[in-house]
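> Take a look at this one; I'll ask things after.
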Amino acid sequence: MSEAEARPTNFIRQIIDEDLASGKHTTVHTRFPPEPNGYLHIGHAKSICLNFGIAQDYKGQCNLRFDDTNPVKEDIEYVDSIKNDVEWLGFHWSGNVRYSSDYFDQLHAYAIELINKGLAYVDELTPEQIREYRGTLTQPGKNSPYRDRSVEENLALFEKMRTGGFEEGKACLRAKIDMASPFIVMRDPVLYRIKFAEHHQTGNKWCIYPMYDFTHCISDALEGITHSLCTLEFQDNRRLYDWVLDNITIPVHPRQYEFSRLNLEYTVMSKRKLNLLVTDKHVEGWDDPRMPTISGLRRRGYTAASIREFCKRIGVTKQDNTIEMASLESCIREDLNENAPRAMAVIDPVKLVIENYQGEGEMVTMPNHPNKPEMGSRQVPFSGEIWIDRSDFREEANKQYKRLVLGKEVRLRNAYVIKAERVEKDAEGNITTIFCTYDADTLSKDPADGRKVKGVIHWVSAAHALPVEIRLYDRLFSVPNPGAADDFLSVINPESLVIKQGFAEPSLKDAVAGKAFQFEREGYFCLDSRHSTAEKPVFNRTVGLRDTWAKVGE
């Protein structure tokens, strides 16, 4: 398959192909412009993959530009986190990291140009009055009483704003467009507002800050962006994007194109709602493995490749739709099934004693991957006392149950065939120990007499077991569309985190944070980057071996 054939196809790439073929553009230049006021989530990953992927495929450029026009909500912590997320996803920006604040001097000059052209004015209505004067979708707005100030007066008042002569909220600069426009965004939008706050890049140089709609288009033009890609909620804003560039002296006029944002089942993407989850301590932070943030997904064990594959599969369209969580989970499941080494861990342990086993123990050889001999093998200790999962034993069972049953046989993974002989229980009737015998001539082979043993269970040698905490993460919400609930917090899944104390094979003591394993017959897990210690490793479940929610949704 050629490089061109391997590329995804969508309406944006078709536009780019036409622009290059017609000579409108000779190269492609995109940008990813996050606001540094929070952590990126899976929805941002779609935009990252789109913008950086296009630049990569067309051998163009993609800028990372921070839209840092509101110093009150922004922080260098978010800047660093976003840069880390972009790089972790496998992308590299062109040149240095850029900031909208790099252009504050030029933006100020363009604002003065609009004033000189009679296309901007200083308004002293309160923010509440501005909203009232703006009108509604069915009623036109009305002009501010300050709309017809002279150019000279507006220049003087704008300078007064810049030098701190007004209190916050007492004045703003507005574009003079059309208060009767059917598009509310064109009803004299605010271009500059006053904020007495220190900026993480410019310090206290400015007390007036440009609005997103004024900054965004000019920054694109100054950087030579050819295709400015936004989500659909900015569709109406394109009119203002074009109006600003049409009315200032700037040689480049990029075009904005909109695509559908990513909506994912069983989670929320709203920054306000995500913040509420964190501040009200429903989760332990922005990187909680149940969160849809990139840092949360990474901590849970999602790989960059699986997220890129997910973004590729869902595609780029103009129609809003909601993607099934199973689609994202399928991507990581396929990735880890192919690439994760296998290991054994017992999540709900019960002791099993092999009464006729002689000696201190032995080492058994296990493949690190059943289908990839190139991944090698490991030596796992075996002894006469082991841990098995409580769900792998029943005193009585029907024929469909293929695990250990009293009086019947089962195979221990890569080890021996055992037979359950009796059990020991505590005062409450709970099984504390299962007593078995083993067939010494069945190490990794069938019984010599030809009898069939169908079931296979995993195990961990008790003498060599590594005590581990296992965090069984699941979907954060119990309904597909929690955002539609009257109170989205009321539909949090009470079993989104279940903590178990178990045992793992000793090789896992060398696990490193983020390294994925398939715990055989259990699912895919990785060492937690926050809570693990050398004395007590903590493993997070990334995803189960199968979609356990499939039947729930039927």
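For all residues, glycine too, the Cβ spot is worked out from N, Cα and C.
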> Match it up for me: which of 34-44, 375-385, 529-539 does Swiss-Prot list as motif ''HIGH' region'?
34-44
> Provide, as an integer number of angstrom, the distance between the C-alpha atoms of Thr231 (ATP binding site) and Tyr212 (L-glutamine binding site).
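Roughly 15 Å, rounded to the nearest whole number.
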> Which residues in the same chain, at least 6 apart in sequence, have a Cβ under 8 Å from the Cβ of Asn37 (ATP binding site)?
Asn70, Lys73, Glu74, Asp75, Tyr78, Lys271
> Give the residue counts of the region 'Interaction with tRNA' (317-324) per reduced DSSP state, in the order helix, strand, coil.
0 helix, 2 strand, 6 coil
> Distance check, please: Cα of Lys46 (ATP binding site) against Cα of Asp67 (L-glutamine binding site), rounded to an integer number of angstrom.
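Checking the Cα atoms of Lys46 (ATP binding site) and Asp67 (L-glutamine binding site) gives a distance of 18 Å.
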> Going by DSSP, give the three-state secondary structure for Thr231 (ATP binding site).
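Looking at the DSSP assignment, Thr231 (ATP binding site) belongs to a strand.
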> Hey, how far is Ser270 (ATP binding site) from Asp67 (L-glutamine binding site), Cα to Cα, in Å?
18
